[in-house]
């Protein structure tokens, strides 16, 4: 078999020189059809050259979901998102456990790296961040504010979120406001995500609010896909990201706080104490407690410079104090 390896790799190299990549970071986070593995070079296949070292997605084939259901049961899911089907919640009864598992089959690396505690910590982090994005809780809410995640489905009082783009042009009459667990917004995000999961979200953005599996897929796509200069949320929370010297100088270290920075750092991070960051942490801690696992280090981003920001951290903090 070793004699065949060189020709196969040579073919991969030749193909890569002559056509566009098919998947992974080289193709905007696109997944391979039929559950095929995405190689480190951005090509789809099922052999060890594709599924082995450096594989980017679907590295175990199209199984997915099974491992996830052994980590979080339907009862645990319902306990975490305890009031999502309350009559006061806009999202009732949209967000289901089965839709979550079904969507995760397209992202088999989700909650599938490291020991059991690491896998559960990723689930807690994902549900914690998305619960904040969709929360219907308030300080004196029944069972506390962190039992009200996944209450909302669509952004309240939305804008159109349309930015001129030749690659992902806005469709006539369509709005790209926040929808679903991660509240995906802007035409370029709908376009990239739709391309990756194989759905035309530019022309049909409301699928994110009408099809629960697609809705969860958009959130998982965002979670699993790095977008330079940001790493993926998945890599950060599972220990797969090593901060550069620039990251360390900006206060960005492995942990839940950097996940918050990836999602909304421009508005929430590097500004000292922030109630939104506290809310994200509150959901995360509750879910970790339900799982019976530790929280890890670096939970907040109060002293982190947002990704892509060239301002000194002290300037961000000073601006915040001056505005207070």
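Glycine is no exception: its Cβ is also placed from the backbone N, Cα and C atoms.
Copied from Swiss-Prot, the annotated features are:
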- 133: active site, proton donor (ACT_SITE)
- 23-38: disulfide bond (DISULFID)
- 32-44: disulfide bond (DISULFID)
- 37-51: disulfide bond (DISULFID)
- 55-59: disulfide bond (DISULFID)
- 151-170: disulfide bond (DISULFID)
- 269-301: disulfide bond (DISULFID)
- 21-61: domain 'Chitin-binding type-1' (DOMAIN)
- 1-20: signal peptide (SIGNAL)
Secondary structure at residue 59 (disulfide bond), reduced by DSSP to three states: strand
Residue, out of the disulfide-bonded residues 32, 51, 55, 59, 301, whose Cβ gathers the largest set of other Cβ atoms within 10 Å: 301
Listed disulfide-bonded residues 151, 170, 269, 301, filtered to Cα within 10 Å of residue 37 (disulfide bond): none
Confidence summary (mean pLDDT) of the domain 'Chitin-binding type-1' (21-61): 80
Entry from the disulfide-bonded residues list 38, 44, 151, 170, 269 having the most other CB atoms no farther than 10 A: 269
By Cα-Cα distance, the member of recorded positions 38, 51, 133 nearest residue 170 (disulfide bond): 133
Nearest of the disulfide-bonded residues (32, 44, 269) to residue 133 (active site, proton donor), judged by Cα-Cα distance: 269
Long-range Cβ environment of residue 23 (disulfide bond), under 8 Å and at least 6 residues apart: 30, 31, 32, 38, 42, 43, 44, 56, 57
Rounded Cα separation (Å) that holds between residue 269 (disulfide bond) and residue 151 (disulfide bond): 25
Candidates 51, 151, 301 (disulfide-bonded residues) with Cα within 10 Å of residue 59 (disulfide bond): 51
